[in-house]
Amino acid sequence: MSLEVEDRPSVEPTKQLKRQDSLYGDAEKVSSAKYHGSEGSWSRLLQLAFQSVGIIYGDVGTSPLYAISSTFPDGIKNRDDLLGVLSLILYTLILIPMVKYVFIVLYADDHGDGGTFALYSLISRHAKVRLIPNQQAEDAMVSNYGIETPSSQLRRAQWLKEKLESRMAAKISLFTITILGTSMVMGDGTLTPAISVLSAVSGIREKVPSLTETQVVWISVPILFALFSVQRYGTDKVGYSFAPIITVWFVLIAGIGMYNLVVHDIGVLRAFNPMYIVDYFRRNGKDGWISLGGVILCVTGTEGMYADLSHFNIQAIQISFNTVLFPSVALCYMGQTAYLRKFPEDVADTFFRSIPAPMFWPTFITAILSAIIASQAMLSGAFAILSKALSLGCFPSVQVIHTSKSYEGQVYIPEVNFLMGLASILVTITFRTTTEIGNAYGICVVTVFSITTHLTTIVMLLIWRKKFIFVFLFYIVFGSIELIYLSSILTKFAQGGYLPFCFSLVLMALMMAWHYVHVNKYWYELDHIVPADEVTALLKKHDVRRIPGVGLLYSDLVQGIPPVFPRLVQKIPSVHSVFLFMSIKHLPIPHVVPVERFLFRQVGPREHRMFRCVARYGYCDILEESALFKGFLMERLKMFIQDEAAFETNSTTEDSQTCSEGSACPIVPSGQSGNINSDLVEKEKQLIDAETELGVVYLMGEANVIAGPNSSLVKKVVVDYIYTFLRNNLTEGEKALSIPKDELLKVGITYEI
């Protein structure tokens, strides 16, 4: 199919859009929405910085539990290697979380929202790279859209935009790496609880050495079960209430680190000299390169800073990272290194062996609680990212429960939570040690880093339009570092590294299969739209009755009449007195303000009372409950009718003023045209209220999509089996749209693609 279909049917000029869009005048008055904490005093900024410590740094903050022990799985051969590894850890913390994320990537926000899909939506708003051709000229008028056409002077941005829009391979590549990043984040959400809880619980063997490895695993399993069981209550109830614990944790690890530095070997501060890294690789060669798979675990959870950006702001995260997280974690690693310089044989249990005896139990209890909170934050981020994938048509319509009234990004997905919890428990039971889980964990972490680097580079070229030298340095420096780490961790593929690949491949296959059929189904409907004159002809048939009430026919199409409508009239030869062709459309922005939610069009003659309505949402917006949505929709429909009448009155007045002396001018007494239209409008509004009182019926096309007879075997498997299985076994669309069952009518139709 040709992509030129993307440009049809033709959109009306801006002047016409102003007439047809009932909310256009209001939209002009709406300022761009500010994200959480974007404005305020220094006290508010410091408060946000303090809150961010307890919410987004749990994963990075608990990495000292397992990072050094994972770097030396076979023990320490040379004590000088400790300085090389410490230097690697310090500069990894400085380069990736601090320089790359805190001071560069955080600025690639989508109206305050972060994460892989935020980057993808930011790019798709400036270039038509989405595979579904539902772009409308009116979308750019939404106040949060913020699109800016590249100027002629910046040819590089224009050239990149044209390449991304004209090449299907570029669109597919962007989409693929985006869902790969999403799959890896889901894998991260599965592995974080396993490695964090298991690492924390294993510390009890320091005081109860008789405990076996198996017993430690079975102590961890109930904790994991409890962790996933309480997800339904949401992060703001489960995680936020324990935020002070993370602060206590940072104080403890910083204090223990300083104690070990002073007591054992303060000379490890020499590790700030990067020459120790050179000496380490010169001394160990290939083994040193392989050990990078353990070093990278010191920055696990870094992506969480970016994914949770919408809850804070850039300045708050910069303050909390540089004043709390980095000093505390760096001191902890330096303290562990100082301890191991004296007791290298304790490398397998470095963290708990290095704790002073009086501080063991407080630190042990805080470690377990911190591991739980770190897992909770990562899971919440995974749910939020997957909900964005769902809203962009990349995942089936599973039920998304919004758990917080204060933070719209906090969501819970029951089906996904169950599968992730089951996978996390199975991983813990199967792998049993943090070393093998760490091998899998590292691949997730580095892959997401690399994807963020590639997408941010496109943002720099296309949207920020930075000088080429800066973009080149960003891509080369961070791309090279991440490639080196990835090549190292892939050597552990057979020792657990295969796990995230298998997990991600399965999830990617499901997402790609769903999106492939979703896109082709949209193209099918677009190629089979019903002409407006055919709709008029259908309504003029004697056997088609107009029945009382309001009918809402849902379709993915944002333009034209869907092919399911003639099917409906054929099966039930009746149409409601007021009828709307409804589409729920998710724009590539986080939020659409309510005043700009609906876009109306008249379908056919005015007396038919048939309308086209597109309800526009951002990927972080919550779909309203049925009663609220229905009331809001009817009010906006009446506003649209009033605006249409006002436009017609103005047009009649202009025509009467501009007609020539010899032409036939409209014979309307002065001042009466407005009164006539006003009376008609009031009657129509009263009619809509009366029909709404009689009842609203939701109509949905139950589309059975099958592969064509000449399709390949792969296509038949994807369409006839994988897609059908997902559609039949996951939550139905009416539940996602909160449609009451007693007001729903489904119309069956088969699409052959």
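Backbone N, Cα and C define each Cβ position, glycine as well.
Heads up, TrEMBL stuff is auto-annotated, nobody curated it.
TrEMBL lists 1-10 with the feature compositional bias 'Basic and acidic residues'.
According to TrEMBL, the feature region 'Disordered' maps to 1-22.
Per TrEMBL, the feature domain 'K+ potassium transporter integral membrane' maps to 48-536.
Taken from TrEMBL, the feature transmembrane segment covers 82-108 (among others). Long-range neighbours of the transmembrane segment (82-108) within the same chain, counting only residues 6 or more positions beyond its ends whose Cβ lies under 8 Å from a Cβ of the stretch, are 60, 67-68, 71-72, 76, 114, 118-119, 122, 268, 270-274, 276-277, 279-281, 283-284, 288, 291-292, 295-296, 298-299, 302-303, 305-306, 309, 314, 317-318, 321-322, 326, 329-330, 333-334, 337, 340-341, 344, 449, 452-453, 455-456, 459, 464, 474, 477-478, 481.
The transmembrane segment annotation in TrEMBL covers 172-195 (among others). Non-local neighbours of the transmembrane segment (172-195) in the same chain are 59, 66, 115-117, 119-120, 123, 129, 131, 164, 224, 227-228, 300-301, 303, 307, 371, 374-375, 378-379, 381-382, 385-386, 389, 394, 416, 420, 423-425, 427-428, 431, 434, 437-438, 440-441, 443-445, 447-448, 451-452, 454-455, 458, 499-500, 503-505, 507-508, 511-512, 515; each lies 6+ residues outside the stretch with a CB under 8 Å from one of its CB atoms.
Residues of the same chain lying 6 or more positions beyond the ends of the transmembrane segment (215-234) and with a Cβ under 8 Å from any Cβ of it are 193-194, 197-198, 201-202, 204-205, 368, 372, 375-376, 379-380, 383, 401, 403-404, 410, 412, 414, 417-418, 420-421, 424-425, 428-429, 432. Annotated transmembrane segment per TrEMBL: 215-234 (among others), in sequence order.
The transmembrane segment annotation in TrEMBL covers 246-269 (among others). Using a Cβ-Cβ cut-off under 8 Å and counting only residues 6 or more beyond its ends in the same chain, the transmembrane segment (246-269) has close neighbours at 50, 53-54, 57-58, 61-62, 64, 82-83, 86, 324-325, 327-339, 341-342, 354-356, 359, 362-363, 366-367, 369-370, 373.
Look at TrEMBL and you will find 289-307 (among others) tagged as transmembrane segment.
Residues annotated as transmembrane segment in TrEMBL: 319-339 (among others). Within the same chain, residues 45-46, 49-50, 52-53, 57, 60-61, 63-64, 67-68, 82-83, 85-86, 89-90, 93-94, 97-98, 102, 247, 250-251, 253-254, 256-261, 263-266, 268-269, 271, 298, 305, 346, 350-351, 353-354 sit at least 6 positions outside the transmembrane segment (319-339) and bring their C-beta atoms closer than 8 Å to a C-beta of that stretch.
Same-chain residues lying 6 or more positions outside the transmembrane segment (359-386) and placing a CB less than 8 Å from one of its CB atoms are 54-56, 58-59, 61-62, 65, 115-117, 182, 185-186, 188-189, 192-193, 196-197, 199-201, 203-204, 206-207, 223, 227-228, 231, 234-235, 238-239, 242-243, 245-246, 248-249, 252, 256, 301, 303-304, 307-308, 352, 395, 409-413, 416-417, 420. The transmembrane segment annotation in TrEMBL covers 359-386 (among others).
Beyond the transmembrane segment (416-434), the same-chain residues lying 6 or more positions past its ends with a Cβ under 8 Å from any Cβ of the stretch are 65-66, 69-70, 186, 189-191, 193-195, 197-199, 202, 213-214, 217, 220-221, 224-225, 227-229, 231-232, 379, 382-383, 386, 398, 440, 496, 499, 503. As annotated by TrEMBL, transmembrane segment applies to 416-434 (among others).
Marked as transmembrane segment by TrEMBL: 440-463 (among others).
According to TrEMBL, the feature transmembrane segment maps to 468-486 (among others). Residues 95-96, 100, 104, 156, 289, 292-293, 295-296, 442-443, 446-447, 449-450, 453-454, 456-457, 460-461 of the same chain lie 6+ residues outside the transmembrane segment (468-486) yet bring a C-beta within less than 8 angstroms of a C-beta in it.
TrEMBL lists 498-517 (among others) with the feature transmembrane segment.
The annotation domain 'K+ potassium transporter C-terminal' is assigned in TrEMBL to 548-753.
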Near the transmembrane segment (289-307), which residues from the same chain, at least 6 beyond its ends, have a CB less than 8 A from one of its CBs?
56-60, 63-64, 66-73, 85, 88-89, 92-93, 96-97, 101-102, 105-106, 114-115, 185, 188, 192, 281, 317, 321, 329, 333, 374, 377-378, 381, 384-385, 438-439, 441-442, 445-446, 448-449, 452, 484-485, 487-489, 491-492
